[in-house]
Structures are given as structure tokens and as C-alpha cells.
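Student: So TrEMBL says this about it:
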DOMAIN    7-80  domain 'Cellulase Ig-like'
DOMAIN    96-535  domain 'Glycoside hydrolase family 9'
ACT_SITE  Asp514  active site
ACT_SITE  Glu523  active site
Amino acid sequence: MSEHEFRKITVNQMGYPVSGEKIAVFTSAEHDFQVIEKNSGTVVFTGKTGVAKLDKASGVTVHTGDFSEVRAAGHYRIEQNDGAVSASFAITDMPYNELQKGLLKAFYYYRCGVELTEDYAGPWKHKACHTAEGIVYGQPELRLDSSGGWHDAGDYGKYAGPGAKAVADLLLAYELYPSAFANAFTLPESDGIVPDILLECKVELDWLFKMQDSDTGGIYHKLTTLSFPGLDVMPEEDTSDLYFSPVSAAATGDFAGVMALSARIYAPLDAAYAAKCLKAALAAWEWLMQHPAEPGFTNPPEITTGEYGDEVDDDEHYWAAAELYRTTGEEKYHQAFQELALRSFPKFSLGWADMGGYGTLAYLLNGEQHADSVLYSSLKEGLLTEAERLSQVSLEDGYLISLKEEDYIWGSNMLVMNNAMLLLAAEHCSGDSRFAVCAQDHLHYLMGRNVLDISYVTGFGDHSVMHPHHRPSVGDAVTDPVPGLVSGGPDRGLHDDYVVEHLQGKPAAQCFADHELSYSTNEVTIYWNSPAVFVVARFNQMS
């Protein structure tokens, strides 16, 4: 199917639960539709779509068809009399079980410093990479162990802040929806005792420990080569010198937050490891206290890899204080949190730059009995107000998601999943199931119910991303990309040469190219996968 031949019927290509709402989005003039059992060709349901409306973000006129009455487990497609046919999809009790495993297994494929063997990686195996010591920028005589962790994205850099966000998403998913992680997803460390999600998070946490300056407690901002390697360079072929970029307040705050969270999560399973996490978090907090006016991070002159700059670090401090208070119960962290809450920064954002939402969630999840009642009520009201806003935007959107035309930015699929995550946090705090329905619509979008009829997760769905901007997928000579990777999605800003040449004049939601050269729309990264794991886990809980 070419980029101009979009399907006129779009669905979640993984499928729908037996019970609950099932909606397809149509762009054809025809309003009658049939749901057909895939193998037999039997029509199991006939229906009519609703009123058509112009969806400005996608540039098409859409109408929706509800087939929630179809409850028999099986594989289906939707057809119309004008010849329009949807992708196939399943209806089953657990339609997202394999998807969740794939999204989690992606973190194994992102691993750095170890061989990925055929037993666990299949055709996407590769040799150990980036095992050399890293050079501390500005101190060429100082070299430190830098191995381990996860590659951040389509390149081989490793970044403390984005890594902390990714781990936080995964640990929060495990905390809120533990039954979703009862099944293994096959790791070398799997022991049937520690949940695999915690084993995989430990890979990144163990690397994050190496990013802490042992003398000061501060966290080196990132570990990268001076510049990006070529697009077809495999991990083990990237042998340029690695550099620890200078310590930053944002990275240190993120580290303190995720380590305090980890100390709490791992404590029932490994008390010694939990204690190590907490000790590291406390050292990072002390660095923050001693550097109250640290400037934001910018790349050193010779380093041109991803900057992940962040001029405002109040949100990272806020998260760190909330997690340390929740984990230790010590009033000094509560006091710090209350003081930070008075400052002006986004308190409901879950992005790698604006981390305030993690502090808010930590405080709310700790319970009102441990909180200042006025602050607790204010934060809860703010969370629910933001969830209501997202819900209202979704109701007005043709594809039922919370992105307005201007929100289709670089990494728009992170916004889709972060917003869904926030909606689910609101459901958890309020018990209002409307927020879960809206969040599930965001998952439907990610998995194919969008104007491009594409599943934005490699390897999942009839029509999924095939050519991500991801060096191992480009360089490994395997036709299929590494599976389970979430693509960045449409970016109306057209921030790379390929999309500038090919997508001029496209509506916002169509500004996507499934091409390896389009790093602004089709790169992948750990912190786009992590909120997707959280969202899928909510809908993949064991009965």
C-alpha cells in the first residue's frame, strides 16, 4: 500500500477485548459496513456509521462505526460495499498480551555492553558493544566504567534523564498493574521469582549507578561519542571514544527520583539492592542541595550528539523530593516538596524535560493521610482537570485522541502515550472509568486507528512501521526491523531533509514517513516505549 492509498477503514490492528467498546474510523462516503469473520468470510454484524465531520488535524472527513456487539472471540475484518476493507484484527479476552511482551522485549534489544545471543534475540543478535571505559569530559586522564544500560534511541548514546523517565514509567506500571506482569517475556536473567520487568529495569539502573560522580553525588548528564555514527553502523562497530558529559542538575534530580522510587519497588525482593538505590538517591539529593542555582545543561563545544538540554530543573527537584518523602517518610523531604510545589512549572507533564507529573503522582499515590491536605486536594483537582481537558479534546478529535493540530510535534506519539498515562493516573485516583476508555482510544490510535492506517509499533499489526531510523535495524541485513519499537510519529514541523522533500503541505497527522532517513518522524527511543508499556499494562491485567 503506497503512502497515497490509505485504507478508508482503520482499526486497532492488534484487536479489541471481548467486552467493552469497539469502534472503527471510516473516511469513505459509504455509511453501511459489515464485520466479517476472517477465515470463513461469514458476516457476523452489520452496522451504520455516525455523522461525518472534518478532522482538521488529519485533513480528512471521518465517521465512526460501533461494533461493540461482536463478542465472539476470533479474527475479523471490516468491509463496505464500495470495496473498502480494514486491516485484520482479533477479538479476544487478552488482545494485548503479545504486544505488551514485545514492547518490553524491546528494552532487551536496546541493551548495551553485552552480546545479544540468538537464543534471546533471534535474527537481531549482535556482539557486545561499547565496553571501553568512558572519558570524563574536561578530565582526559580520568576514565570510568561506562558499560551496560540501554541505548537511548536510534543511535547509541545513553542519557541519564531519559533513562530515568523510561524506568519510572515501567516501575509505575508494575506498581499499579502488577498482574499484567505475571507472564515472562524471556530474558537471560529470568528466574521465575523476580518479575522480568524488574530484571530489565535493573539493567538500566545498574548503568545509572555508573553515571554518579563518586566524589560529589552529582550525575553526569550523558555518555556518548563526540558525534553520531553512520546510520548503518552496528553497535559493536561503533568504537569511537565515549565521553561522560558534565554533571547537570536535571540529570541529578531525575536520578534521585528514580532511585528513590526503585528503592521502594525492589525492597520486598532484594533489600540490599533497594538500600543501594536509596543511598545513591540521598547522595544525589545532597548534590542538589549544594548546587541550588546550577545552570541548565548545554552540549560541550566538541559534542554534537543529542543534547537533552533543560533550563528549568525545579520539576526534577520536585520529583526527587516526592519520591524521597514517599520512600523514607522523612519530613524534610515533605517540606522541600511543599516549597517546590509553590514554584511555577508544569505539574502534570510526563515528558523527559518536564518531569513534574512524576512528582505529583508520587505524592498522590502516597495517600492523603501522609500529605498536606490542601496541597493534596489541589494536586488531585489539577490532575482531574487536566484529564477532563484531554478527554474533551479527544471527543472532538476525529480519531478520538487528545492531540490538537499544533500538538503533532517531534515525538508526537510520546504525547499520545503520556496523555493516555495521565488519563489512567486520573482513573486510578478517581475511579472514573471514562478516563480509561479515553486512554484506550489513544492505544487504538497507536496501533493503527489513525489516518495513515499504520501501527506505529514495529512487528505488530498488518501494516506496521518497517523502516525506523534505528541503526541496528538498518545495519543488520535483516529485512524486518527489530520488533516492539514505538516510532515517534507525525511531526508537522518537518524537521529532517527527507520529510521536507516529501511531505510539504500535508496535514499535521499525515506528516510521517516510514523511512530510515526521517529521524524527526520515524526514530525510536526507550521513553516512547515506556509509557506504551504502562498503557498496555492497564488493559492487559489478569482477571
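Cβ coordinates come from backbone N, Cα and C, glycine included.
So that I understand the layout, could you describe where these features sit and how close they are to other parts?
Tutor: According to DSSP, the secondary structure content of the domain 'Cellulase Ig-like' (7-80) in residues is 0 helix, 37 strand, 37 coil.
Asp514 (active site) falls within neither a helix nor a strand when secondary structure is assigned with DSSP, and so counts as coil.
Taken residue by residue with DSSP, Glu523 (active site) is part of a strand. Annotation for Glu523 (active site): same-chain Cβ neighbours under 8 Å, separated by at least 6 residues, are Ala153, Gly154, Pro468, His469, His470, Ser487, Gly488.
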Student: Can you give the mean pLDDT for the domain 'Cellulase Ig-like' (7-80), rounded to a whole number?
Tutor: 97
Student: Over all shown protein chains, what is the count of other CB atoms within 10 A of the CB belonging to Asp514 (active site)?
Tutor: 18
